[in-house]
Each structure stands twice: as C-alpha cells, then as structure tokens.
Amino acid sequence: MCFFQIFNQHNAEAPNLEPAFHRMAQMEPNLDHDVSWFLLPSYWAKMVVALISFLCFANSYDGDFVFDDSEAIINNKDLRAETPLGDLWYHDFWGSKLSSNTSHKSYRPLTVLTFRINYLFAGGFYPVGFHVINIILHCTISVLMVDVFSILLGGLQFSNKGRRLNLAPKSSLLAALLFAVHPVHTECVAGIVGRADLLCALFFLLSFLGYCKAFKENKEGRTFSVFWVLVSVVLGAIAMLCKEQGITILGLNAVFDALVINKINLLELIRKLLYKDKWLENAGLLRKGLLFRIALLMCGGAGILYIRWRIMGTGPPAFTEVDNPASFADSLFVRAINYNYYYSLNAWLLLCPWWLCFDWSMGCIPLIKSVSDWRIIALAALWFCLIGLICQALCSEDSHKRRILTLGLGFLIIPFLPASNLFFRVGFVVAERVIYLPSIGYCILFTYGFSLLSKQAKKKKILAVAVLGILLINVMRCALRSSQWRSEEQLFRSALSVCPLNAKVHYNVGKNLADKGNQSAAIKYYREAVRLNPKYVHAMNNLGNILKERNELHEAEELLSLAVQIQPDFAAAWMNLGIVQNSLRRFEEAEQSYWTAIKHRKKYPDCYYNLGRLYADLNRHIDALNAWRNATVLKPEHSLAWNNMIILLDNTGNLAQAEAVGREALELIPNDHSLMFSLANVLGKSQKYKESEALFLKAIKANPNAASYHGNLAVLYHRWGNLDLAKKHYEVSLKLDPMAPGTKENYSLLRRKLEQLQKKGGA
C-alpha cells in the first residue's frame, strides 16, 4: 500500500495510460510496485523538486565571495573586459597560463566565461548575481534528475507516439529529492567556484539524455540515431570544458548502452570471453550496433583528451605535500591504504553528511602508517559493502536487480575516478565538491534499498515517514550549511570543530581576523597553524607581518627567515624579511632580500617600492627613483610609488621634474587625492598658486578630514596673501589634529601678522 498517491488520469507519462508502446527490451518488474512513496504527475514532480532544491540553498543568494572565490573570481584577470576572450582557452581556472610551472592545469574555460558574463552584466564584483546563477543551476539539475532517474530506475521505453515513458515515477521522484537536498552539495551551490561542478553536471546529464534519445525509433525504422550519439559526445566535451569530470559521461553512456539497451549480463559475458565463445554472433551485438556506438564514444573521448593534452601541455600540475600528503608517501602500502581511507570518507559524507568542512588538507586527516591504526576498520567496511554490491550486481539471477545495482555503482564510481589519485595526483585529500556527480549513484542505491525494505516491511507508512524525516533533516542541514558559506568568518569558524587539526583552518580564521584589524586574536590562530604544521610558510609569513607591525622585529625576522629557508622561492617572505631587516637598520641584508624576492618574482611592484624606500633612507636618490619607476611601470596605479617620487624630487629641489611626474601620475590615477596633494605642494612652491589651490580643494573634497591637506592649503594662502582663508584652514587643520606639526607655529605667525595689520589699520 502506498503512503500517499496523487494520480492524474491525463498524465501522458504514467505507464498504464498508454498501453501501446515501443519496447526497447523485455518488460521487467516495476520498481515502483514496492516503493511506498508519493505518486505525482511528471510536471508536479518536477515543480516539487525545483521548489525544495531552491529552499535548501536560497539563503546563500546574498553571501560574500569566500575562500577560493577570491582567486578564481576577484583576482582573475580573465573576467575583465580588457583581457581578450581568446586568452580563456590558454589559461587555467585561476587565470594563470597553462604553460606556467605554477599552473594547477585545471582547464575550465566555459566556467570562467560564465563568470566573465556575470561580471560584465553586474558591472563589477557583486556576488549576488553569481550566487543566483548557482542556485538556478542546481534547481535545473535537480529537475533534470527526475528524467534521468526515471530512465536509470525504470528503463528506457517509448510510446507509439515517440514519447519516453516514465516507468518509475515514484522512485524517480524520491531519488531526485534525495539528490536535490543532499547537504554535501552545499559547497558547489553556495561557493561560487562550485559553478564548475554545476555546469559540468548540467551538460553531463544533457549528454546522457541525448544518448537516450538516440534510441527513439524513427520513421525509417532505424534502431538508433548516429546524430544523437554524436550530440552526446559534443555535450560530454562541453561538460569537460566546465570541469574535468565531465569526460566520464562517455564511459557511463557505454555502460548504459550495454546494460539497458542490449541487456548484457556482465558475468555471462566474462565467461564467454574466457571460454572464447562466439558471443558476438550469439548476443547480436554487431547487429544492434553496440560496438559501433562504443567505437564512436571512444573515438570522441580520445579526440577530446588529445585536444586538451595539446592545449594543457605535458607537464603535470604542481602540488605540494600539504595538499595531498598520501601521494607523497614513499611506501606504496601507505599510499594505497590512505587512498582507500579517503574513499571511505567520501562514502561516509554521502551516507552521513553532518561533518562538512571547506578544506580537508593540512593534517585534518592524519596519515595511516600502520595496520594497527583503528581507522583500518573504515576501509574494511567500505570494501565489504562494495564487494557485496558488486557480487549482487554480477551474480544475481534477477536481471532488474543486476541492472540497477550496476548502474548505481557505475554512477557512483566512474565520475569519481578523476579524483581518486589512481591516474594522476590531485591537489586535495577530500573535497565535497567532487562527489556532486557520484551522489547520483548513491541516490540510485538508496532508492533501490528503500524499495527492498518497502517490499519486506509490514508497516510501509512508518518507513515512508522515516525517509521523509531524512529529507527534512537534509533540508535543514543544507539551510544551515548555506548560511555558514555566506561569509568567510562563519565558514572558517564552522571548520574548527570538524577539523581542529587542520592548520589551514586556523590560518584562514587568523587571516580573517587580521583583515578585520583584530591582530591579537589573529596571532593566536597563526601560532596554532604553525604549531600544527611547522612547515606552513604562509602562516609564518602572515604572523611575521603582524609582529613586524607591532614592532616585535626579532621574532618576525626569525619566522620569515625560517619561511624562506623552507621555501627558498617564496618571494613575499623575502620581501617582508627585507622590510624587517630595513627596520633593524641592517641595510645590506635588506637590499639582498629585496633582490632575492625580485629574482623569484620578476614582476613584483611592491618589492621595487620597498627597495626604493631603502635607497631613499640611504640617500641613494637615483637608485630610489629608478626602483619606484620600475614599480609604476609594472603597476601604473601604484600610488605610493608615484607619491614617493614626487616627494623625493620636491625635497631635493627638482620642482620641474616633480611637477612632470605628478602630472603623469594624475593622468593615470585621476581620482587619487594623495597625488593631488603632493602635486599641489610642488605647484605652490613654484608659485603657481591658482592651479595649486584648485588641486588642494579637490583633494580636500575627496578627503575632507585630512588635517595636513587643510594645513598646507593654509600655508599656500598665507604665502599668496589670502590671510582670511589661511586663518580659516589653519583652524580647520588644528581642529582635526591639534598636534599637527608646524601648523600651530604657522597659525601663531599668521595671528601676529593679522594683529599687526589691525594695529596699523587702527592707527
């Protein structure tokens, strides 16, 4: 007895409403017969799935750019209009050249293109539009899952009119709901960089549905359409251009063809191959075109991979031990046992997605180095379940069970293979985003397990209520997790309880606190990050920076020296070490550190700026000007470098050159009030009072609370003879900063002069 049914007699997709249909294969037991679940018309089922998937993640729509969004979006030059569109095809996901040694080789140009469109339509980096698109994509994918699951669970059959029949409306609805509300999907939906997984999944599913469309019998009576097979290959290529996992759909299409279209019994096939039976003729595979279609899929897949290889180059991506420690283990045993433990953790996240974390690296999951480690139990449990399912998928006499279990395992395992470390090293330990597609297989297996339980259960309503409870808990968990992804502070702090041993978690909490000005708290988390990972050079660098600002120079020098010793090409640490050495008045060492930083990062404008400051302190004015000029060449909007050039030329009496540099700077950065102020000072000394006044007033309008701006304008008026205006701006300056250097003295001189003028006037 069904828990609840809504039956529409005009539903064209209900199997018993159109008795005449084209059979792709012999009828099998209907999975829905044993499933105690809702029966809705197809349209309403999709509406329900769309609505619930929207409710799960709706509260992420106004979230910030968080975690990887900064590198993939805000700092990615490929999003900006000035970058040629053609560059997207030669850059990785993060905007680096694929040929670069530092590239991660993540080739996702179509995903980056959607980011660029988002950026252009929004007129800047406004995260709302990015988040809304992600939510819409997940809702669309969840709706498509209704059709996909109806095929995977109910088989592929068409009516006489050519309409595909949904032979498992209840089961497909349940599986689609499980997919839509799975909390492990939060990273893909609420994290903007998850767009890659969403777009990949969209075209992945469209490729599968396109392949299914190839078997719709046409007017000529052909059993399949080559056109739709080729369309599915193209859609698979598009999926791969969104994210690497997309290529796996071609293998899954082949598996589907063999199991559902050709009804191949894998165990029987293996036996015939072993005994060299004439299985090709007996099975009629050549007649049905299976080998031809598989050849098309293989050729398409090989062509796609070859083109990608040509664009990407032969060099593997550069990852470090902290990204994926197991892959750097010397022992094959340690690598194998830890890879399998990672698989068990991914399986557990599908089964119980309660403990979720934005990052699972850097000590979050310590390596298993011995068989005495109790975590070996997780591996044993994983393989016990997998072997049991594989045996049932191969050996069961029930062809319906064999098909569903094999498809479930196929969709669970095959899309996960690129992230498995089996073919190449990946840059993570566990990543929730990579199980977005494998969760399709989990939903198939869960739904089939539910149908078996329903068949045996006496009180089916209780079982249905339990599943409803699971869905409701998942909806609430999605909403909670989405809220955590709305800001970096919430996201990073949520990880502290899940991965307290993860140095990167403590580092990110510290960085977030430092960005908000809470240096004392930031120091605590940076120290913990370094304690957990004594080779964490980025934490050492950031901690050294804070200590430098707090004038704790000796400890800062120790940390930065250790960082460059661990990673000799760490340019930022070399530059910061130079700043500390400069503050300690060890100028030769500071100069050497700066040049080492520039050696490892050729285009480093900030380092040239700091080098110029060092030369200025040493009165090496020509060298200072050259260093600052290099900074502005590399970064034309480098306001500090321009300002220092103007001030140095002004102080050394080169007023004409200072004026020329100031005008050049303002052409490039016309709204920079500090440049207006510096140039106004130069013009005032050159007795160009009117132009100087205009720049001072413009600078004050941009920054009205700068005491020095009012003070220097008062000096200009004082020289110019506009004593009343000079008095007014001296008073404003002193009100803003009563201790403003020189202003009190100048104001006193002005007052005495005004008093003298009054006495003369009175006489």
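From the backbone N, Cα and C atoms, a Cβ is placed for every residue, glycine too.
TrEMBL does not curate its annotations; it predicts them automatically.
Among the features that TrEMBL reports, transmembrane segment is placed at 37-58 (among others).
The transmembrane segment feature in TrEMBL is assigned to 135-155 (among others). Tertiary neighbourhood of the transmembrane segment (135-155): same-chain residues 24-25, 28, 30-32, 42, 45-46, 49-50, 53-54, 57-58, 60-61, 164-169, 171-173, 175-176, 179-180, 185, 188-189, 195, 198-199, 201-202, 205-206, 208-209, 212, 256, 260, 403-404, 407-408, 411, 440, 443-444, 447-448, selected by CB-CB distance under 8 Å and a gap of 6+ residues from either end.
For the transmembrane segment (192-212), the list of distant contacts is 65, 67-69, 72-73, 93, 108, 110-111, 114-115, 127, 130-131, 133-134, 137-138, 140-141, 144-145, 147-148, 151, 156, 164, 228-229, 231-233, 235-236, 238-240, 242-243, 245-246, 248-250, 252-253, 256-257, 415, 433-434, 436-437: same-chain residues at least six beyond its ends, Cβ to Cβ under 8 Å. Look at TrEMBL and you will find 192-212 (among others) tagged as transmembrane segment.
The annotation transmembrane segment is assigned in TrEMBL to 224-241 (among others).
For 247-270 (among others), the entry in TrEMBL reads transmembrane segment. Residues 24-26, 151-152, 155-156, 204, 207-208, 211-212, 215, 232-233, 235-237, 239-240, 279, 283, 285, 288, 290, 293-294, 297-298, 300-301, 304-305, 393-395, 399, 402-403, 406-407, 410-411, 414-415, 417-418, 437 of the same chain lie 6+ residues outside the transmembrane segment (247-270) yet bring a C-beta within less than 8 angstroms of a C-beta in it.
The annotation transmembrane segment is assigned in TrEMBL to 290-309 (among others).
Per-residue pLDDT, averaged over the domain 'DUF1736' (315-387), rounds to 89. Positions annotated as domain 'DUF1736' by TrEMBL: 315-387.
Among the features that TrEMBL reports, transmembrane segment is placed at 376-395 (among others).
According to TrEMBL, the feature transmembrane segment maps to 407-428 (among others). If one looks beyond the transmembrane segment (407-428) by at least 6 residues along the same chain, the residues whose Cβ comes under 8 Å of a Cβ in the stretch are 104, 152, 204, 244-245, 247-249, 251-252, 255-256, 259-260, 316-317, 319, 323-324, 326-327, 335, 339, 342-343, 346, 360-361, 386, 389-390, 393, 434-435, 437-438, 440-442, 444-445, 448.
Within the chain carrying the transmembrane segment (434-453), a Cβ under 8 angstroms from the stretch's Cβ atoms is held by residues 31, 34-35, 145, 148-149, 152-153, 171, 174-176, 178-179, 182, 184-185, 188, 194, 197-198, 200-201, 204, 245, 248, 346, 349-351, 389, 401, 404-405, 407-413, 415-416, 418-419, 428, 463, 467, all 6 or more beyond its ends. According to TrEMBL, the transmembrane segment annotation covers 434-453 (among others).
Annotation source TrEMBL lists transmembrane segment at 462-480 (among others).
Per TrEMBL, the feature repeat 'TPR' maps to 503-536 (among others). Proximity of distant same-chain residues to the repeat 'TPR' (503-536), defined by a Cβ-Cβ separation under 8 Å and at least 6 residues beyond the stretch ends, is recorded for 67, 322, 357, 359, 361-364, 488-489, 492-493, 495-496, 542-543, 546-547, 549-550, 559, 566.
If you look up TrEMBL, you'll see 537-570 (among others) marked as repeat 'TPR'.
What TrEMBL records for 605-638 (among others) is repeat 'TPR'. Beyond the ends of the repeat 'TPR' (605-638), by six or more residues, the same chain brings 571, 575, 578-579, 582, 587, 590-591, 594-595, 597-598, 644-645, 648-649, 652, 665, 668-669 to within a C-beta distance below 8 angstroms of the stretch.
The repeat 'TPR' annotation in TrEMBL covers 707-740 (among others). Only residues 6 or more beyond the boundaries of the repeat 'TPR' (707-740), in the same chain, are considered here, and those with a CB under 8 A from a CB of the stretch are 673, 677, 680-681, 684, 689, 692-693, 696-697, 699-700, 746-747, 749-751, 753-754, 757.
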Remote residues contacting the repeat 'TPR' (537-570) - C-beta distance under 8 A, at least 6 residues beyond either end: 503, 506-507, 510-511, 514, 519, 522-523, 526-527, 529-530, 576-577, 579-581, 583-584, 596, 600
Surrounding residues of the transmembrane segment (290-309) on its own chain - C-beta under 8 Å, 6+ positions past either end: 107, 214, 224, 226, 229-230, 233, 236-237, 240, 247, 250-251, 253-254, 257-258, 261-262, 280
Secondary structure content of the repeat 'TPR' (707-740), with strand meaning DSSP E or B: 28 helix, 0 strand, 6 coil
Chain residues outside the transmembrane segment (462-480) and at least six past its termini with a C-beta under 8 angstroms from it: 3-4, 36-37, 52, 55-57, 59, 174, 177-178, 181-183, 185-186, 353-354, 450, 453-454
Secondary structure tally of the repeat 'TPR' (537-570) (DSSP, helix then strand then coil): 27 helix, 0 strand, 7 coil
